[in-house]
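Encoded as structure tokens, here's the structure I'll be asking about.
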Amino acid sequence: MLRPVILGTGCAVPAKILTNADLERMVDTTDEWITSRTGIAERHIASSGEYTSTFATKAAELALEKAGVTADEIELIVVATVTPDFPFPSTACLVQNNIKASRAAAFDISAACSGFLYGLSLVEKMIITGSISKALVIGAEVLSRVVDWSDRNTCCLFGDGAGAVVLGTSQSGNGILSTHIHSDGSYWDLLFQPGIGNRNPASKKALEERLMFLQMQGNEVFKLAVRAMEDAAHEALDANDLKLDDIDLFIPHQANRRIIDAIGKRLGINNDRIFVNLHKYGNTSAASIPIALDEANRSGRIQPGNLLLLDSFGGGLTWASTLIRW
Ligand SMILES: CC(C)(COP(=O)(O)OP(=O)(O)OC[C@H]1O[C@@H](n2cnc3c(N)ncnc32)[C@H](O)[C@@H]1OP(=O)(O)O)[C@@H](O)C(=O)NCCC(=O)NCCS
């Protein structure tokens with residue numbers, strides 16, 4: 001059976017690092033509070049002149065290099081992001097231009113932190129049906145430009161960066177075994193950016209009311225995230241007639257160490273099979289899983305034949321899971 005397979009991974013983050021100690025000088029917070037409530041120690045922040053497309057492009061180039069695939073072989077570029085360079089054209093079109101993937105169709109998808117797994121799900125179907133044979137799926141964000149740096153409730157949580165995979169086809173049985181995606185729009189206002197879309201367009205009022213910055217009801221999001229990610233994990237395993245014991249590496253969305261610990265406990269999966277890097281990056285939304293995947297891949301944490309479970313949750317609300325035989 002024809003399956004989509006990940007041929008290469010890449011990631012890129014800004015050089016500039018913002019530590020918890022730096023945040024202590026910006027808002028009324030402490031390193032102790034941030035570390036104990038979130039597990040985050042530092043995050044990478046884009047400098048002026050760096051955009052979502054900057055990191056998406058670099059991640060894509062590294063993934064292509066690792067895959068041994070050239071840009072002109074790529075037929076589709078999907079960028080998952082809620083912080084595109086522009087409302088339009090898509091960040092994917094900017095990446096296409098930067099890497100000179102002249103044959104590729106390119107577009108963005110918006111599914112917040114689940115965007116990368118939504119992208120994998122879409123491309124999986126296109127590969128299985130034979131519409132395309134090689135694609136780039138990228139998760140990329142510059143959240144630091146929609147974070148209110150005077151709001152201690154949110155500013156310590158997020159970071160910038162991008163991760164990418166090159167997808168091709170395999171007949172070996174290895175590759176993406178399944179993808180599942182879900183949404184519940186009734187919770188749309190638990191985590192959102194009120195401006196400056198067309199409901200609250202750019203205006204003096206929008207600026208004064210700080211509508212361009214994301215807002216979140218952290219407690220509610222926390223509870224829903226744990227439940228949804230647990231369900232998504234079981235759904236992926238059930239669909240493939242597999243058990244948690246079969247999983248070699250669980251890569252959850254990197255939002256909060258306590259969310260990851262709670263899911264690990266509910267699933268009964270011990271820490272040595274859970275990949276965590278959020279202490280270094282914070283929550284990079286759509287970029288979090290592909291950055292983690294690339295780090296796990298390049299560090300040798302993933303070996304051929306390993307079974308990986310990717311599990312995400314984000315604004316929308318959206319959640320998703322992907323099972324991969326590496
Ligand atoms: C945001 C989050 C870390 C807050 O942790 P929490 O334990 O739920 O804390 P609470 O919201 O109950 O706030 C407790 C107190 O800490 C305060 N607080 C919030 N941020 C703070 C900070 N950075 N430093 C110090 N105190 C802070 C709050 O003001 C509140 O004070 P109060 O009791 O005087 O009102 C947690 O809810 C969370 O991680 N939620 C999920 C967020 C997320 O992952 N979103 C993305 C999903 S993709």
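Any Cβ shown, glycine's included, is placed from N, Cα and C.
Since we're looking at a predicted model, the values are computed, not measured.
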Would you mind telling me which of 34-38, 254-258, 279-283 TrEMBL tags as region 'ACP-binding'?
254-258
In the domain 'Beta-ketoacyl-[acyl-carrier-protein] synthase III C-terminal' (237-326), how many residues does DSSP put in helix, strand and coil?
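Tallying H, G and I as helix, E and B as strand, the rest coil: 38 helix, 22 strand, 30 coil.
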Which whole-number mean pLDDT does the model give the domain 'Beta-ketoacyl-[acyl-carrier-protein] synthase III C-terminal' (237-326)?
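PLDDT averaged over the stretch: 97.
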Just how many other Cβ atoms lie inside 10 Å of the Cβ on Cys113 (active site)?
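Step by step: centre on the Cβ of Cys113 (active site), count other Cβ atoms within 10 Å, giving 31.
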In whole Å, note down how far the CA of His253 (active site) lies from the CA of Cys113 (active site).
7
Using a 10 Å radius around each Cβ and counting other Cβ atoms from all shown chains, which of the active-site residues His253, Asn283 yields the largest count?
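Max Cβ neighbours within 10 Å, all protein chains included: His253.
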